[in-house]
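Undergrad: Grabbed the feature section from TrEMBL, which reads as follows:
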TRANSMEM  A:34-55  transmembrane segment
DOMAIN    A:74-281  domain 'ABC transmembrane type-1'
TRANSMEM  A:76-100  transmembrane segment
TRANSMEM  A:120-139  transmembrane segment
TRANSMEM  A:148-170  transmembrane segment
TRANSMEM  A:254-276  transmembrane segment
Amino acid sequence: MADPEIKTYEPHHESQSAAVTESRPVRWVAMGTAFAFLAVFLLLPLIVVFHEALAKGIGAYTEALSSPDTRSAIRLTLLVAAISVPLNIVFGISAAWAIAKFEFKGKAFLTTLIDLPFSVSPVISGLVYVLLFGAQGLLGEWMKAHGLVILFAVPGIVLATIFVTFPFVARELIPLMQEQGNGDEEAALSLGANGWQTFWYVTLPNVKWGLLYGVLLCNARAMGEFGAVSVVSGHIRGLTNTMPLHVEILYNEYNAVGAFAVASLLAGLALVTLVLKTLLEMRYGAEIAAARGH
Amino acid sequence: MEVRVTNVRKEFERFPALHDVSLDIRSGELIALLGPSGSGKTTLLRLIAGLERPTRGAIFFGDEDASQKSIQERNVGFVFQHYALFRHMTVADNIGFGLKVRHGATRPSAQEIRRRASELLDLVQLSGLEKRYPAQLSGGQRQRVALARAMAIEPRVLLLDEPFGALDAQVRRELRRWLREIHDQTGHTTVFVTHDQEEALELADRVVVMSQGRIEQVGTADEIYDTPNSPFVYSFIGESSSLPVKVDNGEVWLADRPIGLQAPPHAPSGEALLCFRPHDVELLDGCSGCIAGTVAASRRVASTRRVELEVGGERQRVEIELPVDHPAAQKSRVAFRPRRWKLFPAS
């Protein structure tokens, strides 16, 4: 089961040696600085979001959330997440499976490629699709001839979201699968299981917590992505506005309550993700730590 | 099931792990693949299982060529070095796994699988642990579950990779006896890999000694120990000492002195290597025709004294064993002659 050598990232006050313990004032300054930073940069904005959202009372808040454009933005965001997260799961598992369990040429290249979205600005990811599918783009003419619409429509938003989020599941699973090796799979095969049975009964259960963790992060990013989606969306109200884009539009129209009401939903999603993540870490810390080799 | 390995060669990325290996395993036999790490013993086991494909050569199960069959089709029971138990399944589910994944009519009912699992648990003396998870078992218990799981599919051959490697000495000895009993009870053709010569010699009907991707010798414990057929087997199995000598005119010479040993009639003249067991020597009082040397070091090992001698002009070191209370142990010069020995061509 959990290898005793795998440590979770919890503070170990008891195990601190006297030699590295600083004097009291120094510790207070260090902790004070850290907390002050968190308060100013994380807590304060969060409070502001909810404060502004509720500035004109609960009634105005619920009214802002029930406007047709806002509802459409929420629906679109959920739709985009519902499409891109499962696709990411499929991609993440296949990539991790290939990288961790097999030797092949170009493996290092594939590993590097998976990290690409982390190192590229999301705006550029969006722009790539414009250059590819736009009216003057590489495939623009051909797509127009065939009546295909990707840019400034839901497919483009989904594509951009997938591009930005695809490392999340794979990056969680690769180190976990590499650590577990091929032993369990070989055992299953030797007992007569076919490839699918081996995957379903052995590989998947072995990585389920790492997978869930990756899905959680992937989902949070899919719903919250702004840059790449902004470039390909076209900002058509009620049609191609996701929640983050809708926040911007409402804010630019000086509709503070509306903007912050939608923002509060995104903040709420972040908080829920954080709580779930913490719960997962508490319950399955060792297994997840093993997955977090990076 | 009789297993025949014929002229098998295995390369990993063009590095040969096995060179032209042939081996006949008799039906119902318990056979050990023994060798140092890197000798190819695990590769040979994995080839028999179908976890690897041979680069050249074939493996027969009975009269049927198994080499092109997948591991699923071969129906072998494989016990992995670190057991590879499924950590999220109970002991009973682990054992029943091989039956659960069968298709159609060959797949027993859930009830039947449960019954078989508890039957096998009885066999491996772990009755009542059906509901435990692997993490809740000791190393020895996991080993037994792994064996029960491998036997559940009624394998044609049972293959064990370093079955006791990860266990402590006490449990090892116990499980060794127990494995022998299970084998005698069920009669499976069984091949196990080990680097522990004591384990191989004690447990197996026949031992296959391997080195550097080749089979050095195949034989019973007595044959391997008493008549090693190469300097490697001599030094790998039990204690051994060796000296570079010369064969001339039917006699064995150390430097310029005959040591009183008659070379076998067909031994060619020239350089040779003399091998013998340190305990299998005859002590002499001064001699003409013996090996004499200066005591360089002397250690007490269990119930005997091991003496290191410098012999000959080139001060070759050689080890012999003396009884603790033997007067020779106090002397600075000791003369002896091996009782049982063998000559090998100098390499």
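For all residues, glycine too, the Cβ spot is worked out from N, Cα and C.
Unlike curated entries, TrEMBL annotations are predicted automatically.
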Undergrad: The transmembrane segment (A:120-139): which same-chain residues, six or more beyond its ends, come within Cβ distance under 8 Å?
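TA: Sequence-remote neighbours of the transmembrane segment (A:120-139) are 150-151, 156, 159-160, 163-164, 225-232.
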Undergrad: In terms of Cβ proximity under 8 Å, which residues at least six beyond the ends of the transmembrane segment (A:148-170) contact it?
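TA: For the transmembrane segment (A:148-170), the list is 76, 79-81, 83-85, 87-89, 91-93, 95-96, 114-118, 122, 125-126, 128-130, 133-134, 137, 211, 214-215, 217-218, 221-222, 225, 227-229, 231-234, 236, 239-240, 242.
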Undergrad: Determine which residues of the chain contact the transmembrane segment (A:34-55) at the Cβ level, with the cut-off under 8 Å and only residues 6 or more beyond its ends counted.
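TA: Answer is 61, 64, 256-257, 259-261, 263-264, 267.
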Undergrad: Is the transmembrane segment (A:76-100) packed against any residues at least 6 beyond its ends, judged by a Cβ distance under 8 Å, and which are they?
TA: 107, 110-111, 114, 154, 157-158, 161-162, 165-166, 168-170, 172-174, 176-178, 180, 199, 203-204, 207, 211, 214-215, 218-219, 222-223, 229, 240-244
